[in-house]
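Only one structure is covered here, and it is reproduced in the block below.
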Amino acid sequence: MTEASENASATGGVAVVIVAAGRGARAGQANGPKQYQNIGGRAVIAHTLEIFLAHPRTDRIVVAIHADDHELFRQAAGSQAERVTAIIGGPTRQESVRLGLLALKEHAPGQVLIHDAVRPFVDADLIDRTISAIGENEGALPALPVADTLKRESAAGVVAETVSRSGLHAAQTPQGFPYGPILAAHDKAFQLGRLDFTDDAAIAEWAHIPVKLVPGSPDNVKLTWARDIAMAHQRLSSERTHFPDIRTGNGYDVHAFEPGDHVTLCGVAIPHDKKLSGHSDADVGLHALTDALLATCGAGDIGTHFPPSDPQWKGAASRIFVEHAAKVVRQRGGRIANADITLICEAPRVGPHREAMTAALSRMLGISADRISIKATTNEKLGFVGREEGIAAIATASVVFPGEVPE
């Protein structure tokens, strides 16, 4: 786990509410609600979910959908649907958010991001900026300064005045808040019949919760009109015509046995009559994968980031290393496409624990289980592995980076 995600966990984690219950009349209904329309080969909501599921600082995700959209959501989200909680939203965006916040109550997150499903071009950096700006009793709003000249219309349909754009910003999502205060604000607005707020920063303002502005992104557009869907599809289709920058990294690690009662492999403790010797928990599989991930963006190796001479890593869980490497990859624009680990040992048996290992890696990397492969083989009694003196691991990671392969 990264340092940032460790801090978030200590305060209850960073949850996400994604609002996807709207009917999208302005974008047209010919192809269904806009969050389920196809752009670049997938539904809009699938692009949105991918970003948040992959982000190392986000935790539980709740999606508020329309009562009629169960099958649409299942088809659009695919394997992602198993990793989020879908609830029935309300008749308005405001009520859908309130219901989403209530669905998180038993999990008591420390912070929450609220995002429109129809903003599929949100990026990891914007999410990071928003989370980092959330205070103990202070929200965070990504926004862009208004660039267009603004006119106020009169009742007669003519220009009444030119509005100064000084200090004006266009609000975006995700909007971030400490969980308790924003839930209380939504509940109070509901009880008082104040159902006219158009975003959550407005509710926070009404409830006297300070909201800090953070730089938004020009790419983080909301798909509102039919032409927006067409432009988004064109944008993604155009990006896919380039030869993608797919990079592959390899990692290798080995640890010797010493007296103990279990080994930790790929994040799972396995009972054994020995343990692996190392400065951390000696998870040979995760160490190899950490090197493989870092190799995809030329970011050194595990020893560069977590030197064994540093006492703070003594006995540390190796998931910290993997999640850090995944964050480094994402900060450099990468998207993890696949992770493959081969464990080389005579014992213990890996097969009975493969499913748990895959699930653990899925959580660490923020990718679906079908993009993870964990294999095991013996060394046919040859060498130190064959003599059961230790375990070796080989890992390969594939990462897609933006842009094209340079000539």
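Cβ coordinates are placed from backbone N, Cα and C, and glycine is handled just like the others.
Noted in Swiss-Prot for the protein shown:
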type	residues	note
REGION	1-246	region '2-C-methyl-D-erythritol 4-phosphate cytidylyltransferase'
SITE	Arg26	site 'Transition state stabilizer'
SITE	Lys34	site 'Transition state stabilizer'
SITE	Arg165	site 'Positions MEP for the nucleophilic attack'
SITE	Lys222	site 'Positions MEP for the nucleophilic attack'
REGION	247-407	region '2-C-methyl-D-erythritol 2,4-cyclodiphosphate synthase'
BINDING	Asp253, Val254, His255, His279, Ser280, Asp301, Ile302, Gly303, Thr377, Thr378, Asn379, Glu380, Phe384, Arg387	4-CDP-2-C-methyl-D-erythritol 2-phosphate binding site
BINDING	Asp253, His255, His287	divalent metal cation binding site
SITE	His279	site 'Transition state stabilizer'
SITE	Thr378	site 'Transition state stabilizer'
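Mapped onto this structure are the features recorded in Swiss-Prot.
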residue	record	contacts (Cβ under 8 Å, 6+ apart)
Arg165	site 'Positions MEP for the nucleophilic attack'	Pro145, Val146, Ala147, Asp148, Thr149, Leu150
Lys222	site 'Positions MEP for the nucleophilic attack'	Asp116, Val118, Arg119, Gln172, Asp228
Asp253	4-CDP-2-C-methyl-D-erythritol 2-phosphate binding site	Val284, Gly285, His287, Ala288, Asp291, Ala392, Ala393
His255	4-CDP-2-C-methyl-D-erythritol 2-phosphate binding site	Leu276, Ser277, Gly278, Ala282, Val284, His287, Gly390, Ile391
His279	site 'Transition state stabilizer'	Pro308, Trp313, Lys314, Gly315
Ser280	4-CDP-2-C-methyl-D-erythritol 2-phosphate binding site	Phe306, Trp313, Lys314, Gly315, Ala316, Ala317, Ser318, Phe321
Ile302	4-CDP-2-C-methyl-D-erythritol 2-phosphate binding site	His287, Thr290, Asp291, Leu294, Phe321, Ala325
Asn379	4-CDP-2-C-methyl-D-erythritol 2-phosphate binding site	Ile344, Cys345, Glu346, Val385, Gly386, Ala392
Phe384	4-CDP-2-C-methyl-D-erythritol 2-phosphate binding site	Ala256, Gly390
Nonlocal neighbours by CB distance (under 8 Å) for Thr377 (4-CDP-2-C-methyl-D-erythritol 2-phosphate binding site), same chain, sequence gap 6 or more: Thr342, Leu343, Ile344
Cβ-Cβ distance under 8 Å to Thr378 (site 'Transition state stabilizer'), same chain, at least six residues away: Ile344, Cys345, Glu346, Val385, Gly386
Predicted model, mean pLDDT over the region '2-C-methyl-D-erythritol 2,4-cyclodiphosphate synthase' (247-407): 92
